[in-house]
Amino acid sequence: MPTTYETIIGLEIHVQMNTKTKLFCTCDNDSFNKEPNTNVCEVCMGFPGTLPVTNKEAIEKGIISGLALNCTIPSTCKFDRKHYFYPDLPKGFQITQYDEPIAINGHIEITIDSKKKIIGIERLHLEDDAGKLIHANSGTLVDYNRSGTPLMEIVSKPDLRSKEEASAYARSVQQIMRFVGSSDADMEKGMMRFDLNISLRPVGSEKLGNKVEVKNLNSFRSLEKAITFEIERQTKMLEENDTIKKETRGWDAEKEISESQRSKEEAADYRYFPEPDIPPIHIDSAWSEDLKNKIPELPQAKQDRYRKVYAIDADHARIISEEFDLADFFEEMMDYTNAHFTATNLLVTDLLGMLNKEHQSITDTKIKPKQLAELANAINDNVLSTKMAKEVLPVMFETGKDPSTIIEEKGLKQVSDKHELEQICKKAIEAMPKAAEDIRNGNDKAIGALVGFVMKETKGQANPGKVNQILLSLLRH
Amino acid sequence: MSISLEEVRHVARLARLKLTADEEARFAPQLANIIDYLGMLQELNTDNVPTTSQVTGLTNVTRADIISCAPRQDELLACSPLPKEDHQLLVPSVFS
Amino acid sequence: MSYTNLTISTAHQMLSAGKISPIDLTKHCLEQIEKTDPTINACITVIKEQAIAHAEDAAKRYKNGEPRGILDGIPLSIKDVFCIRNIRTTAASHILENFVPPYDATVIGKLKNAGAIFVSKTNTDEFTCGASTETSAFGVTKNPWNTETVAGGSSGGSAASIASGQCLGSLGTDTGGSIRQPAAFCNVTGLKVTYGRVSRYGVISMASSLDTIGPLARSAEDCAHLLEIIAGFDPNDSTTPQVPLKDYSMEAKKALPKYRIGIPQEYFGDALTEETKIAVESAAKVFEKMGCTLIPLSLPHTKYAVSVYYILSPSEVSSNMSRYDGIRFGPGPKKIPDDLQEYFFAAREEGFGDEMKRRIMIGTYALSAGYYDAYYKKAQKVRTLIIRDFEEAFKNVDALLTPVSPYPAFKIGDKSQDPLQMYLADTLTIPSSLAGIPGISLPCGFTSEHLPIGLQLLSPAFTEERLLQLGFHYQTATHHHLTCAPITI
């Protein structure tokens, strides 16, 4: 019987912080779409004699992010220098946190197939980013705009066991960073990057296999593809009794393969030592408590609350809780309606669908939460049929008008008046004696034709449920 | 505790210093001599002594998150000996 | 008239009284540079036109009766590790031989605001790594008292420029003795400040946890005037505490209290020359006569200081030198290789001199995997013991009195072939550097060969005013500091 293997995954996630200035100098931290080397100064270009001065906002956002990941904030953290030579690294060292990071020992909860799992977080530390290298025909071009941008490196414990878990974890970290406001975590702008640590071991074995590190994963897709690729590659090697080397591999997003990074002539030796130019940071409990109070409710907590309080569908709760503004819209809408299920449906299925089509987000819509709640109420109170509601919503989307105004303008009111409906039902029975006879004989299927007649007569404004009731009572008595 | 020729070569590489045969011959015994001298610290018992990285006793020296960089990118770029292409420095290919 | 032993205080009085003009004074200094520097080699760059232009501005201010203070119109030399906007700044290294910074060091900005005039960028050991200026890529600076001997280092150019009458004062840096020792060798007064008292921003780093910026001048009073301008918190240097500044020149002149002065026995060992010992001991007697008490004491970890220093400082040097890769500044390699790593190797091989290569290798070794605990971490711990020695001593005394150097200026070439011997030249200045405390170097006599001898006073952190006061009163009682070097006559 072939051996089955268990996959052990740990993720290092680099998240760019959204402070106004860089980590150690006062340059603009937003270099998106800026001309190369225009967002630089002597400090972030590592010029002689320059010194770093720490951005307080970055420290605070680091603490907040750590707390949101359920980390402990040690009373002291410090910066260290990590040395290597590369053209994008102006000082010849990166300022990072080696043995005393700003946050340690955290965890987050992920949900896979409605099962919850806790993923441990080893640490979160702050560091400055390097510049950007662009390959050209004539050589490599260096742009230092990104140099000095504050990064958080979030290191998970090797608790992830599958592509799905890794992806869910990474997405959850992304949401949390967005929710606490420490990063826009926009993958397309390179604000989030992954390094993957992955090894296999026979199921039941306690011993960890040799760890392979895959670098340069810039999207969720690459992350997932890289895991699939590595599982296949390593499984094959194990089956062929090859030894898996402990190594660093690079991800080629185009070919969708990982490649061994040319075996370096020497082992990396970063020669860390405490950064002498930056005094250590002491974080007392008053400071971290104060910051803790600023943390909004996080997606997982929101999701749990929505399911509990509004009894909505799990998928809907997840979708809504993932986006801060959407959750805000949802909560405001819920203040105006008891039709929780209907309103949520309108929001997630209909409104989000329309927004997606237009490549817009919830903040772009003209529809107010209260208006969508009114539409849900109209359906629930049988003022409108679901079908009619679907005529009203696009007009709301287009104009931002109240549903009541649109209903009036369109004369869309559902006919629910019993007397009125009875008259039309009698007309239907007269017009379709065969169908009426069938029903009298117990063949309920025939009722469809009669209902159809009534709907046609009322231009679709009759309440179909009521029509059904009336027809049955007229024919069975 | 002394430093071998192999180690001299290794640290030179780490530090991106390429030593000529002549430099190796000169530096290796000098460095060995120095490293031997530095070894005298080993005779001290420092088990319960804390390290000193900085002497000021300062903590939490930070600045406000306000953009205020002097715009002199062109002057800075002009300090580079390398050719410039599209306002970027052109270095030998990192992929070669 | 001769300005070669003019102090800043006197010059300011003369300028204010209209007896001389800043233009004359500046021109005189430039002429003196022209006359003496071919022999002395104190200057890497002479700042002629700009100095005269600034002197003209200063002259107008004096004429209008609105000088900016005591430093207005005073010609100074600046060690060539301070970035001055649009003035070449080399750190005496080929790797920066064409570097023109587009920014000022914080202290340079302060001196500019005070109206000081920069006449030259002075020679130093390469990146301040040395005790003789022999490691400079621009040749050795010769001692104005005897041109066969070194001027000391690393601020040898600064000390020699004052001693040869090229300027009235200078800024230097002191990491392990680099202000105090050349001051002693050249009969100049030099102040090493408390670590953090003066901003390091814009001054090319050697060893970041040890580097200090300080004045060299013809008197302790002049050092006080310079310190008043350059000291203080800098938002661009996170290691400058917000300790209140003193009115140093006023404090210096206050009557001398009956200070208890410690004489640490470890500083008077066998390595000391007899003449140095005699000169320093007689200086101690001068303080005794002024009412101070001399108290023999011990700083037991002194002998470990050189080892601690030559682990920690090269480690930080190796790190600080990493940015010199020929990419953003400096001349880069003569031929651009196709391979990136080869580019780094070529730029650094061509750019750094022997001593830099040695220190970078020692530091890289001490920080590398497997050796960090045995060297770097061990040295950090022993640094703590050395700091404690001083803390203990200052419980009982107000200051310590020692020689600056075990011997006077040595012959050029005497120690440059044996790096370890050169390192041991800083034996008496290194411990206080490790502790981050201030020290002053005062001329205290001459050898039979007319080489100056220096006296060192040390005091607790942020008590520079005490050292300046002791210096002021010593210089009131003695005249060594006003004796001119033969070259100026």
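A Cβ is built for glycine as well, from the same backbone N, Cα and C atoms used for every other residue.
Feature list (source: TrEMBL):
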ACT_SITE  C:K79  active site, charge relay system
ACT_SITE  C:S154  active site, charge relay system
ACT_SITE  C:S178  active site, acyl-ester intermediate
DOMAIN    C:24-468  domain 'Amidase'
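In this view, C:S154 (active site, charge relay system) is surrounded by 34 other Cβ atoms within 10 Å of its Cβ, with every protein chain counted. With respect to their backbone Cα atoms, C:K79 (active site, charge relay system) and C:S154 (active site, charge relay system) stand 9 Å from each other. Taking only the Cα positions, the spacing between C:S154 (active site, charge relay system) and C:S178 (active site, acyl-ester intermediate) is 5 angstrom. Confidence over the domain 'Amidase' (C:24-468), given as mean pLDDT on the 0 to 100 scale, stands at 97. Taking every protein chain shown into account, C:K79, C:S178 are the active-site residues, and of these the Cβ with the most other Cβ atoms within 10 Å belongs to C:S178.
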